[in-house]
Amino acid sequence: ELKPKSVDLLRTVNREGHHTKAFNLPNLIIRRGQEFDIIILFERNYIKIEDEIILKFVTGSRPQQSKSTVIPVYNKESKDANDWWYKVMDDAGKQVTLRVKSGANAIIGRYQLFIDTVHKGQNSKEIEKFRYKHPDDIYLLFNPWCENDMVFIDKEENRQEYVLNQTGRIWLGSANKFCVRPWNYDQFEDVCIIAALALLDKSELGDAARRNPIFITRAIGRSVTNEQDAGVMTGNWSGKYDDGVAPFTWNGSAAILEEYLKKRKGVKFGQCWNFAAVATTLLRAMGIPARCVTSYKAAHDSDFSSALDSHWSTSNKPKINLDDALWDYHVWNEAWFTRPDLPNGHGGWQAFDPTPQECNEGVFTCGPASVKAIKEGELYLGFESKFIFAEVNADRINWEVDNEGNMVPFQMDKQIGGLNISTKSVSSDEREDITNTYKYPHGSSDSKKIVEKASKSTFRCDPKITPIGKEDVEFRFQGESQKSGDIKVTLKIKNDSSEGRVADVYICMVQSFYTGVPLNMVLAKTNTMSIPESDVTMVLKCSEYINCQDGDAHVNVYATAKVRETGQRFAARDSFWLEKPTVEVKTEGNAKLGESFEAVVVLVNTLSAPLTNGIINIEGPGLSRVVDIKTKKSIGPGEEYRETVKLSSKRVGRAEIIANFHCKQITDVCGVGSIEIVNK
């Protein structure tokens, strides 16, 4: 018998070559379709002409060779990219070095390694066999560096960004006032890859399907927030988070996944951007290039079969409880892979949305849908692409509602959805606008053709809007959120006729969540205007609303006008977010691996109102987490606040430090610093 005495999986060398050295798990972690070396030390000399070595890689819940979950690997090179093989690189007596190559379409996941040896002497008919089982699991991941892998993505900078980058930026806020949220993806923490594989098991995705990023992405998308079967996170948009953690408190995915693995039920609480961030972590951990994408003014729960509806009373007041959902922003995901199941040219970025909205075949799921198919209006290609198309191509119809509930449409707002579609730039923390990958320019002939095509496939039929009389008054609504926190809006009115006109104007400001759900009225103003006359302006002081709203709320403004002589109507609505105070994270010099170092968080309150009951949370890839640091006092307007914290790191290299401040008045006040971690 040829008995292995020890097997060296050469973890350090192989993980370096397979871009997996950053994983905290000590196991051999490799990427499919790429060679790796192992050294076997036998109890006796290896005799090439008498001894045969067969490697067997075993995975899945019921391994069997016919299902490709038991893979025998022989000493036989192949030019087929999907074949497994090995070759002997060196045999020095008892020690044999093998170079093993896995198939580029192999099932990803956790493998066991068996080494079978067969000895047949030259002068003997007796065959002696021996089986060795390696004690450690081997993890096999997707390989974006392998041209034959479905997830291959060109350019090293793209692989560094969408697979290896452990931090990122997510855009929140409004189309007029971006709010950048740093996030610690931390995909190399052991809980992330363990959670990813556990979720595939929970989703009951078959072993054979685990070679395909399409099926895996879909499974992860519905597992993050599966409403029927406790996904990773529990959604909450109510503003009430007492029995859990508020969505704005989280800084990274690892803490969420760690809690999920402990309790095996939905972690409280998350919103769309948390869900997308966790999904990005899970896919990057498995080797699928992924990123978060934000669309401003996103229609939700809409399949483009009808326009969004907004309602106004005959006395010009908004009837918000009747309106369809138009979110200030919505965050979903994109993953990169080829699409052999779709017509040529539909590979590349695929959009999927882990936030529950459409119940498809009994499961809340959306995507992965080809971004090209969305842009071209090819909704018949499926994967719930019609929902994402609706999110970025929403129209809105304004209705007048009388006291008996009768409704008359009076204004259509075209293409109000899908503004400033954003993601993090490659090799930069700046925003990249990718709107042109989802839609053609508004008003272009291509845009009109695509919308018409999509309307036919969703059997859309919009109501006809018939003007009641002359429309000879021009209305223009504009506003801004100032650095002090004050909000100023103006309705500009211009009479284009030669006759006098009188307009009844109503403007109100409503505290709302980013989903458009209202909290309470803050300020309202009614005017009767003889036109031409001065514009209607309304100013809301920061101190008038900031202490009576939820920290993660903002202000929606509704403006409407009706011309008495002609019956002409106008309606507009917009959202206004605070410009957040500034946060800096300062460090000095380098820090040593495993030893504590200090970071100073500096917050400057730029608002015209004090910030009270403040809390600071800090974390970063490989860093110790510091949570729930309470500020020692309220922070007055223009005042600077400093907090010194001690951190340590378990990884060498550059580490980003993410600081997140929230208080009674505001949330998502963030800053980022960095430090170089060196060996002792």
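Backbone N, Cα and C define each Cβ position, glycine as well.
The structure displayed is predicted, hence computed values, not measured ones.
Long-range C-beta contacts of C272 (active site), restricted to its own chain and to partners at least six residues apart, with a cutoff below 8 Å, comprise W327, H330, V331, W332, T355. Taken from TrEMBL, the feature active site applies to C272 (among others).
Among the features that TrEMBL reports, active site is placed at H330 (among others).
Summarising the annotation, TrEMBL assigns active site to D353 (among others).
The domain 'Transglutaminase-like' annotation in TrEMBL covers 264-356.
Same-chain residues at least 6 positions away in sequence with a Cβ under 8 Å from that of D353 (active site) are, in sequence order, G221, W332, N333, C366, G367, E384, F387, I388. Mean pLDDT for the domain 'Transglutaminase-like' (264-356) in the predicted structure: 92. Every protein chain shown contributes to the tally, and the Cβ of H330 (active site) ends up with 29 other Cβ atoms within 10 Å.
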